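What TrEMBL says about this one:
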- 24-119: repeat 'Solcar' (REPEAT)
- 128-218: repeat 'Solcar' (REPEAT)
- 229-318: repeat 'Solcar' (REPEAT)
- 198-217: transmembrane segment (TRANSMEM)
- 229-250: transmembrane segment (TRANSMEM)
- 298-321: transmembrane segment (TRANSMEM)
Amino acid sequence: VTTFSSQRVATRSGSPTMADQKQFSYLPKILNGGLAGVIGVTCVFPIDLVKTRLQNQRIIDGKAQYKGIGDCARQTWAAGGGSSFAKFRSLYAGSSVNILLITPEKAIKLVANDFFRHQLSKPGEKKLSTLRGMAAGGLAGLCQIVITTPMELLKIQMQDAGRTAVAGQPKLTATQLTANIIKQYGFAGLYKGLSSTLARDVTFSVLYFPLFAYLDGLGPRKADGSGDAVFWVSFVSGLVSGATACFAVTPLDVIKTRMQTINLGANDIRYKNPVDAFMKIVAQEGPRALFKGAACRMMVVAPLFGIAQTVYFIGVAEYFLGVKKSSHH
């Protein structure tokens, strides 16, 4: 296991400092991040699918395709096929791409945040400042877009296929879709919507990670002397931080979803760039359209990060690898 830094030492008062911190182990953190992502995505994916379709729907002659979250879920279920299994599978359209790529994406996001917080800490400091915590979160968000952009692009096409499907047209698999995009647009086509993804993910991480660290630091600590919060504190902190940051960046997510939709419906609009998308959405659909799917996103992101942070902080990988768990700060 690759590590850096020396062992953590205690001050005269007996409390640990951030100087000479515990070993920072890469492998367990990467495995924990990947496991956290897979479990979280599997639990909340159907809500994420509903969110994508709500964000992409247009108002035609004063009527929306979906009346709300429940109606969208009902229509998706009804259009899924004859058997209950087929209907259930329709709620997981595009999940294979997400579950496959969420492992490196979550690993990068969570591990990079820990890494940058570690690097930005100062000798003798017990707690990272808010400003440096935001910087660490922003850098983590910047790192993850290498995986996030193509993952979100493919996921959105597969999730939105049911809304724009033409009768008799076969559904493409993730592999076929990837091949078609590369053939038509080149490898760069997988990074369509990069700027809007960058804006959303960096802003989210700048808000999320410092807020999580603050809330997680308020709760009771474990009795094992690690300095970590008890598991339910990490879960609740992930829920609250995820919901808060998620709501704040919803307009950026709406723009990103629109920018990354390739197969447009009959009444859909193609946008030149994020600014053009923002202006047209506000002009044609009103400011409220920028918050389409906000409740759905919060229902996805809050439990996703609550579950992910809990799995990550529990240290499942350390247990199986027989490695001593390093503390979080």
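Every residue, even glycine, has its Cβ placed from backbone N, Cα and C.
Curation plays no part in TrEMBL annotations; they are all automatic predictions.
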Report, as numbers and ranges, every residue of the chain located at least six residues beyond the transmembrane segment (198-217) whose Cβ falls under 8 Å of a Cβ in that stretch; write 'none' if there are none. 109, 113, 117, 127-128, 130, 133-134, 136-138, 140-142, 144-145, 148, 229, 233-234, 236-238, 240-242, 244-246, 248-249, 252-253, 256, 274, 305, 309, 328-329
By DSSP, how many residues in the repeat 'Solcar' (128-218) are helix, how many strand, and how many coil? 77 helix, 0 strand, 14 coil
